[in-house]
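Encoded as structure tokens, the structure appears first; notes follow it.
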């Protein structure tokens, strides 16, 4: 036998001896399932250290420079949005992308789907009702950093203004957040909490909607099964009274793809915030994007305490969104010139001297 053959024979014998001495055991079914759960959890919520609030604020202050738009960065990111999520065609449910008989899965639930029938199909516009590309867009979050910002006039100068979650726009706020609205989101949870699901009285809701003038009300009717009925009630309520607003239903495939896109870039949360969904859509629909009120921290740039929202200090449920992670992604897009993030107070014209 050659030396190589003897070595191979010896190796096999050693392996057989080890196998007899340490026989393989199978993991119990429960242990195997637990391993799968742990691996999935680490994939969804990986263990890593995110900078704390103070470190993020200090980092922003250290990295601030005069902002300049970068058309190359903006075009590249718009192309990425088009490739992954196609907002021009999938932003809202339409007769073109959601034909009768099509089955779609709720993007926020794993076990439920729905089939588009004649009653729902008739609620959709023929196609996305925007003249694309939109020129100059402002996406307005609700962060407390907007209070005393004087940004209302700048916001209203945009061609297309998007707002989140039916925010108050009464006269006490317009100097800071403006009054113009082309699109505003409305989560079904807001319809439940503020307007009792429109089961008892619709007048309060209709009166509240008047502040948004001729805007689109963008609702994720098919994200969670519990949100479908409240969303449909909003549609029929506004239609019955001949309101100026038009309801658009978010396409669950669009929302799902946006979630995957940001997850691949390091945002790990149960669900993205409404604000990030809107900014993502704007980056795919608009030539220029400026964002306001996207500051999820308890102090402003000068270190002074601020409220969570510009209109109240109600904190969100912890662990549902990953707001600091979202901010860091948006801050990066600001730094490369793909969008403009307004963090300082806006300059207001000096009052004219009286004669």
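Every residue, even glycine, has its Cβ placed from backbone N, Cα and C.
It should be emphasised that the depicted structure is a prediction, and the values quoted were computed from it without experimental measurement.
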Among 309, 334 - the residue Swiss-Prot places in the same CMP-N-acetyl-beta-neuraminate site as 142, 165, 273, 274, 275, 295: 309
Range among 29-47, 48-66 that Swiss-Prot annotates as transmembrane segment: 29-47
Distance [Cα-Cα, Å, rounded] between residue 286 (disulfide bond) and residue 275 (CMP-N-acetyl-beta-neuraminate binding site): 16
Cα separation, residue 273 (CMP-N-acetyl-beta-neuraminate binding site) to residue 346 (disulfide bond) (Å, whole number): 25
Residue 137 (disulfide bond) and residue 274 (CMP-N-acetyl-beta-neuraminate binding site), distance between Cα atoms, whole Å: 16
Residue 275 (CMP-N-acetyl-beta-neuraminate binding site): tally of other CB atoms within 10 A of its CB: 27
